[in-house]
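Student: My questions all concern the structure below.
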């Protein structure tokens, strides 16, 4: 009979909006681009993303139309295997940027920043 109460307690830990939540804000929300030209997206965190081990766990994901998201960049500036070098990540603390040096047609999609430093 204690199990439901325990489950409720666990679920309450994951309620968004509780104190300590990290808010990630991207801009711009929409970006018209020209093929062959550069593009950049900014991401700001409400708290520093520097973890106690000294690493900054900020990831960038790309979701092409009709596909699942794939990670492009991890720990701010490290490209995942197979990601073209026209993609680069930079930043520190609370402010981060994803840059595409020369936009290609296959780059159309939705881009997300995600932090992995603070968990509920």
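Using the three backbone atoms N, Cα and C, a Cβ is placed for every residue, glycine included.
As annotated in Swiss-Prot:
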{"type": "DISULFID", "residues": "43-113", "note": "disulfide bond"}
{"type": "DOMAIN", "residues": "21-120", "note": "domain 'Ig-like'"}
{"type": "REGION", "residues": "21-43", "note": "region 'Framework-1'"}
{"type": "REGION", "residues": "44-59", "note": "region 'Complementarity-determining-1'"}
{"type": "REGION", "residues": "60-74", "note": "region 'Framework-2'"}
{"type": "REGION", "residues": "75-81", "note": "region 'Complementarity-determining-2'"}
{"type": "REGION", "residues": "82-113", "note": "region 'Framework-3'"}
{"type": "REGION", "residues": "114-120", "note": "region 'Complementarity-determining-3'"}
{"type": "SIGNAL", "residues": "1-20", "note": "signal peptide"}
Student: Along the domain 'Ig-like' (21-120), what average pLDDT does this model show?
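Tutor: Result for the domain 'Ig-like' (21-120): average pLDDT 94.
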Student: Neighbour count, 10 Å Cβ-Cβ cut-off, for residue 43 (disulfide bond): what number do you get?
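Tutor: Here the count is 24.
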Student: For residue 113 (disulfide bond), what is the tally of other C-beta atoms lying within 10 angstroms of its C-beta?
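Tutor: For residue 113 (disulfide bond), the count of other Cβ atoms within 10 Å is 23.
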Student: For the region 'Framework-1' (21-43), what are the DSSP-based totals of helix, strand and coil residues?
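Tutor: Here the numbers are 0 helix, 9 strand, 14 coil.
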